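**Student:** Dropping the structure in here first, questions after.
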C-alpha cells in the first residue's frame, strides 16, 4: 500500500487541535495593590529590572516585581546607585543579620516570617534595598500582612523568581563580586510585536481561505495526469481525509480539551513538554510538507512524477521525499534550538503551516455546527481563564500556557513575537485555537460566498475578516486595560465573527440557508446543472 504521510498528519493535527486554545497573554503583571490595603501599602505592583554586574562586568538583567510597600523605584538608571549584593544571615532574613548589610542590597529567601518583617530587619541593618527570592518560578505579589500596623519601610522591596535567585547565587557562591541596580522603567502602551502578531494571525486565515485558489488550477491538471502520486499519497485518499466537524464532535472537543488541560495543569513536567514538542514538530512537518508540495505542484506539473518504492513507505515521489527530509531537518533544528533568541521564527513558520493545513482538512458544514463549536469554545476559554481560579486558586489555562510547572517552558502551540521596544523583553503570544476556531468560520464564509457566487461586499467573507481583525484589537485593548492579565481571546473573537455572521444572515434573510447549508448537496446540484 502506498505511503501516505498525510494520513499520519491528520491524526496528529486532530490531536493538536485539542491543545491549541490558549489565552492571549504577555507577562506584564503590574497593577494596583489591594483596595483594602493600608495607606502605606498602596504602591502599585510594578515590574522591576534587577541589573547585575559581575566583577565589574555588566550582566544580563533579571526581572522582578515591586512590593505594595516601601519606596518607589526610579524609571531610569541615572540617579540610581549600583550597590553590592549581600545575603542576610540567616538566609530567611527574619532576624538581625550577622553579615554587614549597610550600603548594600540585601538578599533574603522566602519563608519563616512575613515579608514586612524581612524588610524591617533589612532596613534596620542599614540595607539600601531588599531582594526577596521566591521558592517558585513566578513573580510573587507582596502585600502587607493582614491587620499589620502602618509600615515605615523606606527602602525598595523587590521579589524575583527562584531562577533569578539561582543566577545570583551561582556567582556569589563562586566568590565573585555581585553588584545590583534596581529600577522600574515604563513599558510602551503598544509594542510593535503586537501589530506583527495581529498581521500574522489575519494573514494565516487569509492564506488558508485562498489556499485552494493559489494551488488548484495547475494542481488539478497534475492530478489528471498522475492521480496515483502526489505528496506521497493518493488523490482519492486525500479527499476522504477531510475532517467534517459535526455538532457532536463540537461537544466532544470541549470535554476532551478540558480533560487534557487539567492533565497538563496537574502533571505538566519537562518530559510532558517534550512530548508536546515532538507532537508539534510532527504536525509542523506535516503542515510545512503539505504547503510546500501543493505550491510546487501548482507551479510545476511534472515535478512529482518520478517515484521511488521504499520499504515501509511504499511508493513515494522523489519531490515529496526531498521536501519531507527538508521539513524534518527544519523541525529538528527548531526543537534543538528552541531556547535561542531566534527560535520564535521557526516556531511561527511551523505553526502557520500547521494551521493552514488544519484549515484545509477541517471544515464546518454550516452555521449550526459553527454556532455550537464556537459557543462551546467561547465558554471553554472564559471558564479556564477567568473562572478556574475560584476552584483551583489559579488560572489553569494561563498557568499551562506559561509553563509554570515545567520550569517556565511554555507549550509550543502558539505564535509568539519578541517585544522589541519593551525594556523587560518577553513575548507577545496568541494560541493556535484563537486563530483556528474563528478561521474555520471564515473559511466556511469563503466557501459559501464562492458557492453562491456572491460579490465581495454582498458576501460574508470580507466581513468575517474585518470582524476577526477588530476582535483581535479588542483582545489587545482588554490586555491593556487589565494590566497584562492573560485574556481569553475567544471572548472577543466569537462575538466579532459568529455574531456578525448571524446578524448579517438575519438582515439578508439568509440565516435559514446558512443554518442548514450542505456543501455536498450544493456540489451535486452544481454538477447536475453543468451536465444538463
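Cβ coordinates are placed from backbone N, Cα and C, and glycine is handled just like the others.
According to TrEMBL:
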{"type": "SIGNAL", "residues": "1-25", "note": "signal peptide"}
{"type": "DOMAIN", "residues": "90-166", "note": "domain 'PA'"}
{"type": "TRANSMEM", "residues": "192-211", "note": "transmembrane segment"}
{"type": "TRANSMEM", "residues": "250-268", "note": "transmembrane segment"}
{"type": "TRANSMEM", "residues": "274-296", "note": "transmembrane segment"}
{"type": "TRANSMEM", "residues": "316-336", "note": "transmembrane segment"}
{"type": "TRANSMEM", "residues": "342-362", "note": "transmembrane segment"}
{"type": "TRANSMEM", "residues": "369-387", "note": "transmembrane segment"}
{"type": "TRANSMEM", "residues": "429-448", "note": "transmembrane segment"}
{"type": "TRANSMEM", "residues": "460-483", "note": "transmembrane segment"}
{"type": "TRANSMEM", "residues": "489-507", "note": "transmembrane segment"}
**Student:** Before we move on, state whether the transmembrane segment (274-296) and the transmembrane segment (342-362) share at least 3 Cβ pairs under 8 Å, counting only pairs 6 or more apart in sequence.
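**Tutor:** Yes, since the transmembrane segment (274-296) and the transmembrane segment (342-362) share at least 3 Cβ pairs closer than 8 Å, they count as touching.
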**Student:** Is it true that the transmembrane segment (429-448) and the transmembrane segment (342-362) have 3 or more Cβ pairs under 8 Å, skipping pairs fewer than 6 apart in sequence?
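**Tutor:** Checked: the transmembrane segment (429-448) vs the transmembrane segment (342-362), in contact.
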**Student:** With a cut-off of 8 Å between Cβ atoms, can you find at least three pairs linking the transmembrane segment (192-211) to the transmembrane segment (460-483)? Only pairs 6 or more residues apart in sequence count.
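**Tutor:** Since 3 or more Cβ pairs under 8 Å link them, the transmembrane segment (192-211) and the transmembrane segment (460-483) do come into contact.
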**Student:** Look at every Cβ pair spanning the transmembrane segment (489-507) and the transmembrane segment (342-362), keep those 6 or more apart in sequence, and say whether at least 3 of them are under 8 Å.
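**Tutor:** No, the transmembrane segment (489-507) and the transmembrane segment (342-362) are not in contact.
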**Student:** Do the transmembrane segment (316-336) and the transmembrane segment (250-268) share at least 3 Cβ pairs closer than 8 Å, excluding pairs fewer than 6 residues apart in sequence?
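**Tutor:** Contact between the transmembrane segment (250-268) and the transmembrane segment (316-336): absent, because fewer than 3 Cβ pairs are under 8 Å.
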**Student:** Can you check how the pLDDT averages out over the domain 'PA' (90-166)?
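**Tutor:** Per the prediction, mean pLDDT sits at 85 for the domain 'PA' (90-166).
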**Student:** So what's near the transmembrane segment (460-483) in sequence-distant terms, Cβ-Cβ under 8 Å and 6+ beyond its ends?
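**Tutor:** Answer is 24-26, 28-31, 189-190, 194, 198, 201-202, 205-206, 209, 430, 434, 438, 441-442, 445-446, 448-449, 454, 489, 491-497, 499-501, 504-505.
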